[in-house]
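A.B. asks: What follows is a structure written as structure tokens; I'll ask about it next.
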């Protein structure tokens with residue numbers, strides 16, 4: 001006692017008093033707890049000695065710090081513990097004066113109290129007096145659990161039966177005179193958290209019998225709606241009537257609502273402390289973020305795709321092997337940002353595919369074949385069009401490549417890159433299967449131009465039916481014919497398509513006129529009177545129009561079909577004139 005200077009008395013109870021003292025050498029404040037032994041029962045004396053021994057053995061950052069203890073003149077048990085400048089939680093609730101604590105602060109406090117209880121329960125210690133006046137707040141707003149005067153050390157499967165504690169925080173099994181275990185502390189902590197949340201006791205009554213009835217029936221008022229449903233449900237789970245249905249401290253620390261705060265508390269706590277839940281969570285976290293270097297290549301690719309959507313911290317544990325052809329997860333994350341920004345734009349599919357392919361080539365390793373970035377998509381040969389998907393296999397998203405579209409699939413509504421695809425399937429296999437159906441690589445070269453021309457009926461199927469000239473904007477790029485295109489293939493293809501439509505609908509005058517137009521186009525004398533490029537564009541425009549009309553007919557969208565075919569009536573312009581008008585529109589767009 002000579003080492004301490006008494007400053008003031010800060011508390012007084014039935015069994016003793018609490019004094020604020022300062023260590024004369026350290027100049028640090030402590031709390032001296034003096035428990036009177038004179039004129040006390042043997043049970044009270046044993047309890048005082050037990051508290052002195054127990055608090056000297058426990059070591060946890062969220063339990064009051066033990067400094068010293070002794071028995072003074074056989075009349076007092078003196079225990080020196082750390083001083084918490086914030087006072088106890090009961091005083092903090094009074095100071096709040098109706099202003100609710102934030103959910104974040106309550107979650108942090110709850111995590112710290114659960115860690116303290118989990119430490120005690122793992123060492124077979126029951127606190128038995130968890131209440132707001134025994135929860136202390138340190139200067140940094142962290143929590144300390146104190147007052148082990150009623151604590152009990154259990155054997156492995158032992159239960160307590162003594163009716164001790166504060167009535168408002170007693171669990172139903174204790175009031176029913178049923179042996180109780182560690183779940184009684186969970187109930188008491190639930191009462192404390194309820195009081196800290198609602199700023200009122202969980203159970204309150206005018207007499208003892210009414211209080212017992214409320215506790216045994218677990219009747220509590222609703223918590224403030226200011227807090228989330230998950231947090232309120234967490235508190236209610238701690239106040240379940242049956243102890244078997246109440247979660248343990250370790251189970252509560254694994255609750256998704258508290259997991260972020262468990263990690264925050266672990267980072268701030270001292271690494272020398274023995275905290276079982278924090279150590280376990282840290283171990284699990286490290287296991288999740290560690291990549292073994294000897295896994296097979298397919299598993300590594302799946303891991304890289306999964307981690308590219310996670311946080312940046314996962315990348316530091318990545319260990320790509322030197323023989324791996326794909327980029328590492330670090331590059332995958334960087335490229336995910338740029339790819340997502342490109343695909344988020346509503347652009348033509350060929351332009352989006354060209355941009356995404358170019359970015360994949362930049363980050364590709366030297367062992368993979370490179371494709372020049374400056375080449376436009378419509379000048380690729382059939383073999384070159386297969387290379388970009390190989391380099392972009394490990395990308396998070398992919399855009400539909402336009403050069404893989406055959407003429408019989410022009411009306412498929414999947415040509416724009418405005419919506420990112422959620423699948424991770426590589427587009428290479430699909431591209432190979434489509435190209436195997438083509439006899440000539442010239443048709444594949446011609447595919448991007450056909451894709452842009454067919455954009456006019458495609459937009460009509462996705463949006464309400466609009467005039468044709470609204471769809472022919474300069475954003476679709478040039479529609480001029482490359483010099484190396486085999487025109488005979490295009491002309492024959494157009495004739496076959498039109499004849500098929502004519503066979504299906506022989507009484508249609510527009511079908512006969514279209515067939516006659518294609519027959520006239522095959523005549524050399526007729527072909528000399530028309531520009532070859534205009535004829536080709538008109539034929540393909542009519543092809544797209546007929547295919548879209550067939551699609552509307554198949555979908556029984558007769559009203560839209562009538563609007564579309566209205567210009568082809570007997571009193572309207574002929575199909576030939578309409579085709580010429582379409583050709584002029586394409587020429588104006590190209591110029």
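Numbers here mean position along the shown chain, with the first residue as 1.
Placed from the backbone N, Cα and C atoms, the Cβ positions cover glycine too.
The shown structure was predicted, so the numbers you read here are calculated from the model rather than taken from an experiment.
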A.B. asks: Using Swiss-Prot as the reference, determine which range in 263-285, 286-308, 309-331, 332-354 is annotated region 'Disordered'.
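C.D. replies: Residues 309-331 are the ones Swiss-Prot records as region 'Disordered'.
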A.B. asks: Among 33, 67, 73, which residue does Swiss-Prot annotate as binding ATP together with 10, 11, 12, 13, 14, 15, 16, 17, 18?
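C.D. replies: Of the residues offered, the record points to 33.
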A.B. asks: Can you dig out which of the ranges 233-254, 365-386, 387-408, 409-430 Swiss-Prot describes as region 'Disordered'?
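C.D. replies: The range carrying the region 'Disordered' annotation in Swiss-Prot is 387-408.
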A.B. asks: Could you tell me which of the ranges 465-499, 500-534 is annotated in Swiss-Prot as region 'Disordered'?
C.D. replies: 500-534
A.B. asks: Any idea what the Cα distance is from residue 12 (ATP binding site) over to residue 129 (active site, proton acceptor), rounded to a whole Å?
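C.D. replies: That separation, Cα to Cα, works out to 17 Å.
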A.B. asks: Give the residue from the binding-site residues 10, 14, 18 that has the most other Cβ atoms within 10 Å of its Cβ, counting over every protein chain displayed.
C.D. replies: 18
A.B. asks: Going by DSSP, is residue 16 (ATP binding site) sitting in a helix, a strand, or coil?
C.D. replies: strand
A.B. asks: In sequence order, which same-chain residues at least six apart have a C-beta under 8 angstroms from residue 129 (active site, proton acceptor)?
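C.D. replies: Residues satisfying the criterion: 147, 149, 150, 151, 164, 165, 166, 169, 188.
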A.B. asks: So, in DSSP terms, is residue 10 (ATP binding site) helix, strand, or coil?
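C.D. replies: Residue 10 (ATP binding site) sits in a strand per DSSP.
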A.B. asks: Considering the binding-site residues 12, 16, which residue's Cβ sits among the greatest number of other Cβ atoms within 10 Å?
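C.D. replies: Going through 12, 16 one by one, the largest Cβ count within 10 Å is at 16.
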A.B. asks: Can you give the largest Cα to Cα distance in Å, as a whole number, for the residues 10, 11, 12, 13, 14, 15, 16, 17, 18, 33 that bind ATP in the record?
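C.D. replies: Result: 15 Å between the two most distant Cα atoms.
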